[in-house]
């Protein structure tokens, strides 16, 4: 049921098209059918994901635009991660939703290749911008004096977007509009070698999931160690401050006290941002693990239940990661959304006040005009009456 997959590449289509292009073994005589009940579930799930991703990330971008702290490095990375999640919603979830509604891809070959290319761009961008944000937090905690400057941040984000555009290029060559049955065309993958689907999906799994997760684990391992070390220093500083003066009178006591006081302790704000990025990473792992597990299973096991409902629905849930991130931002940076709500309420109040003033002014003009007209008409009537003398 190739049209029901929410993946950026169709595992079933890949398996079906493993033979050389033009081979007749991949075509069927009659028109393929699908489970309409399952298709309705897929459409409902994708509609919900699309609505949540669009509304949530649009609110994040609007909140970041209206906040007073526009030059925060964390907010800079949040902005680009929200843009990447919007790319996932618009160019991955929306095309798949339309595809599930129509069952077949209706469009030219160029559109087929473009859609499949943009679907993977969103995946790569969302993953590697999250990785870049985590590296930034790691540098901010472990080496605050060497943390990236604003210009370097922009260059790193630009390089990440360009790298994602390049890494997604194989999609253009793999997918094309081809005949899958007599007179039936669809946007399917074509692999020249039988091992092509295994190699390609394994590479995507390594590039988008396994390698980033390893790097993220290393980053947060270093961050955890640094925070633990910092807590020890805070405890030592508190103990040194409470100790009697005579206890630190010796040279060793003075050296230890100087060492503790010279260490720059990590602020609570930095720890809060680390918690936020850690939860985002955890959501990334939870959302993507079932998807890649199912993808690898589908190409490495010939007996995988590719038509099972649970198997297909799991593939749809990968895009949930783009829905989760805005709620995580709201949890840890609630002031952003509070400012957005306040701005919205102020604008609404100003609009309603202006509208009431406009209506009042129009009403006064109307009353004044009616008074003048009635006064004139009464004057004319009094002048036109004949004299009784």
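Backbone N, Cα and C atoms are what each Cβ position is placed from, and that goes for glycine too.
What Swiss-Prot records for 7-26 is compositional bias 'Low complexity'.
Taken from Swiss-Prot, the feature disulfide bond applies to 112-187, supported by sequence analysis. Residue 187 (disulfide bond) counts 25 other C-beta atoms within 10 Å of its own C-beta, drawing on all protein chains shown.
Swiss-Prot lists 8 (among others) with the feature N-linked glycosylation site, giving sequence analysis as the kind of evidence.
Residues annotated as N-linked glycosylation site in Swiss-Prot, with sequence analysis given as evidence: 15 (among others).
The N-linked glycosylation site feature in Swiss-Prot is assigned to 26 (among others); the stated evidence is sequence analysis.
Marked as phosphoserine by Swiss-Prot on the basis of similarity to another entry: 366 (among others).
What Swiss-Prot lists as phosphoserine is 368 (among others).
Taken from Swiss-Prot, the feature region 'Disordered' applies to 7-31 (among others).
Sequence annotations record features per position, and here Swiss-Prot assigns region 'Disordered' to 361-389 (among others).
Annotation source Swiss-Prot lists topological domain 'Extracellular' at 1-38 (among others). As a whole-number mean, the pLDDT of the topological domain 'Extracellular' (1-38) in this prediction is 45.
If you look up Swiss-Prot, you'll see 64-74 (among others) marked as topological domain 'Cytoplasmic'.
Residues of the topological domain 'Extracellular' (98-113) grouped by DSSP class, helix first, strand second and coil last, total 10 helix, 0 strand, 6 coil. Swiss-Prot lists 98-113 (among others) with the feature topological domain 'Extracellular'.
According to Swiss-Prot, the topological domain 'Cytoplasmic' annotation covers 136-154 (among others), on the basis of sequence analysis.
The topological domain 'Extracellular' annotation in Swiss-Prot covers 176-202 (among others).
Annotated topological domain 'Cytoplasmic' per Swiss-Prot: 226-275 (among others), in sequence order, evidence recorded as sequence analysis.
Summarising the annotation, Swiss-Prot assigns topological domain 'Extracellular' to 295-309 (among others).
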With the transmembrane segment (310-332) as the reference, which stretch in 39-63, 75-97, 114-135, 203-225 has the largest tally of C-beta pairs below 8 Å?
39-63
Need a quick answer: max count of Cβ pairs under 8 Å to the transmembrane segment (114-135), which of 39-63, 75-97, 276-294 is it?
75-97
Taking residues 6+ outside the transmembrane segment (276-294), which of them lie with a CB under 8 Å of any CB in it?
7, 11, 127, 130, 133-134, 137, 205, 208-209, 213, 216, 220, 311, 314-315, 317-321, 324-325, 328-329, 331-333
